[in-house]
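To start, the structure itself, in structure tokens.
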Amino acid sequence: MGKSIIEKIWDRHIVYKEDSKPDLLYIDLHYIHEVTSPQAFEGLRLKGRSVRRPDKTFATMDHNVPTINRYLIHDEVARTQLEALKKNCDEFSISLADLDSPDQGIVHVIGPELGLTKPGMTIVCGDSHTSTHGAFGAIAFGIGTSEVEHVLATQTLWQTKPKTLKLEINGSLGRGVTAKDVILYIISKYGVNFGTGYIIEYCGDVIRNMSMEERMTVCNMSIEGGARAGLVAPDETTYSYLLGRKYSPKGDDFEKAVTDWSSLVSDDDAEYDHCLEIDGSDISPMVSWGTNPGMCSPVDSSIPTAGEVKTEDSKKSLRSALQYMGLEEGMKITDIPVQHVFIGSCTNSRLEDLRQAADVVKGQKVSTGVRALVVPGSQRVKLAAEEEGLDKIFTEAGFEWRESGCSMCLSMNPDVVPPGEHCASTSNRNFEGRQGTGARTHLVSPSMAAAAALFGKFVDIRQINAAGIADEAVK
Amino acid sequence: MEPIQCLTGKAAVMDRSNVDTDQIIPKQFLKRIERTGFGEFLFYDWRYDEKGNERADFELNKPESKGANILIAGDNFGCGSSREHAPWSLYDYGFQAVIAPSFADIFKNNCLKNGMLPIALSSEDVSRLMKAAEEPGHQLTVDLPNQTVTDNKGFQASFDIHPYWKEMLVNGWDEISITLQYDEQIRQHEQKDQVVSSY
Ligand code: SF4
């Protein structure tokens, strides 16, 4: 029997194996940020321990950073955390992309962009969206702070081998349907815990035809389906993305690396613990209307009614979600008003995402009463976008153009949605209070978010013609 | 970590599914750089109103839930963000175990690392326990060595836990010191690894 890419990578990283124990797994790359690391460094200090491989550890500042003037940090506690990270990296000789660095950005945006993330690696970070890096054919998963400390001290983790799930997306996507819609569709179809205990391998034509940035969007939200990790086998798209990046192998080494990476692809006769298959043409642009990412529907449909959901438990969840969201059962998605738009986060803040949104807003104006923000995922994304003039397109339309960071994805910095107001957001979580106490988040793709900014409500992106003008029906 | 054997006490019931870590400890409280003192912020937005007063209808604010050391909750407890502040705040508040039909993977690991037991029982057993916990004088016992949950009304169920974790928790061992004993194996792997991925 052949092996899947998941098993191949896993087996390569086993340091020690014994029946009564989880496997001791070697970690190739460890990303850290300011929020989940301070207690881990404190733990090391208390025991007089050192960082085993600072060269396999890379830090950035993203969660707390202000996006208007990044040096003006009014929040005392946020500043303490940023300073603590700087001090810890200095003391333990860890590379840090701080606020002055051209490399700074959201940890899951900069890792791939710098060529740090590579196929075949095991990658961890004290952050659940570490699953993003799986797009490169790596096993990448989020860990807690105690595990961060464990990796710092030992470069390993005790891990029980997860089950494998093959998720095949065949056919092709319709016009206006993006990677974000694919993953929202998957989570709404199978639920927020279908992936618990699994690593997902995404495959099929739709995935093969995606760019690296689109694959990252899909892998990013694996955790929203309960899976700690999701990956895509590397191919030519992966290799050409990696070629020439700051930390990518150079010259002959790159060729050698590609040969090795290619050997990781799943064997034809690989077996999986579970398989799922969907058809790309079934997917529409999606909008979330509830308080978890599974609660979303196609833009041209309506919020479900209690009569349409099966279990008592889901009826209860539906009612409490709609109460929080201030919405009604059976309401049309396109009747949901939008007062805020956030284009950013590790799910959708890369250059292609910004291009997609800019295509929609070009020459248009943000609707009165809507506040719209674009927050590039990294300083490099910001620069590249400015070189193409995307910033102009956004600001001329009435968007604010910000510095890179997590920003309104979790609103730990000053970017907050006020209570009771609705936000079309390209982020990944619509939990209660995520974008501010009482804030009402709707997860969408960048183009859908951009369109919502122009109309002050959700519109079906497929009904917007090339000139960015909505068909009569939309108005 | 304190060794754990048997826990006995009162249970609080939170009959909701998919309780995420953003609710358990909202992000405005993640800025501390210590591991302790998170209990007062547990479920902050659900527990308190805008003025900072306790909301009477929130589960943990009910008189019968006060002083509980075991939490009984719905499916997929602890989903979302990997913040270990979630188990820190539950523990700091006074919970030593959470019983639910299922847990999110990262949350489960985070609990185990902090000497708090995530116990998965069948949905039927969890529903029975939720009902039983409403009776005055109800007492639950979690016996880790024997892997059982019992109450003083005749309920009995057993639960699974990986032998590795059980040993770690029963003895209150520090995982890093154990792993450091494998230094030789780690070193060997690092040498071999240089050949495989030295790019
Ligand atoms: S952008 Fe949002 S989800 Fe991504 S790392 Fe930052 S806070 Fe987490």
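Any Cβ shown, glycine's included, is placed from N, Cα and C.
Because TrEMBL annotations are produced automatically, they should be read as predictions rather than curated entries.
Per TrEMBL, the features are:
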BINDING   A:Cys346, A:Cys406, A:Cys409  [4Fe-4S] cluster binding site
Check your understanding: Apart from A:Cys346, A:Cys406, A:Cys409, which residues in this chain have a Cβ no more than 8 Å from the mean position of the Cβ atoms of those residues at the [4Fe-4S] cluster site?
Key -> A:Asp62, A:His63, A:Ile106, A:His108, A:His129, A:Gly344, A:Ser345, A:Thr347, A:Ser349, A:Gly377, A:Gly405, A:Ser407, A:Leu410, A:Ser427, A:Asn428
Study note, to complete from the structure: Ranked by how many other Cβ atoms lie within 10 Å of their Cβ, the binding-site residues A:Cys346, A:Cys406, A:Cys409 are led by A:Cys406
Point to revise | Assigned element (helix, strand, coil) containing A:Cys409 ([4Fe-4S] cluster binding site), judged by DSSP | key: helix
Check your understanding: Hey, does DSSP put A:Cys346 ([4Fe-4S] cluster binding site) in a helix, a strand, or just coil?
Key -> coil
